[in-house]
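K.L.:
Quick one: the structure is below, and I'll ask about it shortly.
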């Protein structure tokens, strides 16, 4: 039944290749930009944000031309389209979303859908997440569900799209076919996605043979977590073969290895991406004409865009509290360089290291010059000293620094987790994949409250959705080791933080803080369940990235 919906239907419309297949007549289509979250799911930006991205790409190249070639000249600041996305910038040549305050980088992709599809009508299907909010399905799933819904079907099976779920349109629930776990779903109408032109065939939802699907070697979405190391990424040909349910997909043909650890060499390791994509972004002046601008390694020609990088509004205020102490911390972990590398960028401000800091107008310091460059003592990564000072002043100010490039921690890192309670118990029932032992249950309890000076908006209330939260570990040697380290992370306030929920978009709320937990005993759509043979190793790596290692247990 599901396959019949996808085949031969122009309205099915999941992703295609806009400008890569010769001999096809240009057709109207809508463009959807999506970003890949920490669990490997593709999450669509809202229609208004996609419109902004498309407009920025089609703007005259001369308008955005600036002296020299650099990362910022082909970047799109999303905060100009949506204030809640102020920290985020899309780097077009590498097809990455960059978060300026943390240095986190995630893949993005652009897909084309037919105008009469769900995307063209602004219809989004969403599932209810663990926090009680709503998370959108990737757009090709939205398109498939909308088509089934408009055909009057009562049930559909998502296995043809790589998911082990049944959808009930009458009860509006999603059911895991293995565990029988159920979640609510909803249909929401939002801003339609922007219209563009496609010169190649559109993706056909199920069993598609379009060029992009062939490049990605899979038809289903990622359902296990993938970390995106931006350093020394393997080419797609070097990635081990995996099943279709865990195939790493991206619009640029990148092969991602789960929790790939960067191997650093030299003073600074810039992103090296194997982006051999055959599709192209929209070009000013028509689909076929040449366009001035950057010619990226993935064959994408983009116009040069002028970007005003957002500066933290509270930097000077934070520096005024104890400027000498802030500078002492910065100089403790960085050695000032006499000569800055001419061809390297500061990834905090996106300016050349040989140029003054991009934060020189927002961060005043009498003893640090705007052009001063420092190198971290352990990892040897280099940044403007003013940029590091601004980053520290805008953070937790706990005496520690974390390299925004490789995440090496200097000092003892603490977080901003609100007050709460962590309770642990055990029971005899086994987790899938760990039948030889019982189960550890962790219960986190945090109540709503008022933000402190370490939080984004001191004095304002914060919410605490979805608490208490129940998490599970196997009661074996490695599971108990993870538990002991989670206790340390809890004491250091690293498990949760106050921020904006990536699933609901709600700001000033308690959210997870980069240490993943299994909140269900069985596998579900979000990847928060078992079996997962890599989970314990992955979470140990995440804890180590926060400075929580076995050495902490001996202190």
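Heads up, the Cβ atoms here are built off N, Cα and C, so glycines get one too.
Feature table excerpt (TrEMBL):
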- 19-110: domain 'WWE' (DOMAIN)
- 111-187: domain 'WWE' (DOMAIN)
- 346-407: domain 'RING-type' (DOMAIN)
- 1-20: region 'Disordered' (REGION)
K.L.:
DSSP on the domain 'WWE' (111-187): how many residues come out helix, how many strand, how many coil?
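P.N.:
Secondary-structure breakdown of the domain 'WWE' (111-187): 20 helix, 30 strand, 27 coil.
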K.L.:
Compute the average pLDDT of the predicted model within the domain 'WWE' (111-187).
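P.N.:
Residues in the domain 'WWE' (111-187) carry a mean pLDDT of 90 in this prediction.
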K.L.:
Would you mind splitting the domain 'RING-type' (346-407) into helix, strand and coil residue counts from DSSP?
P.N.:
9 helix, 10 strand, 43 coil
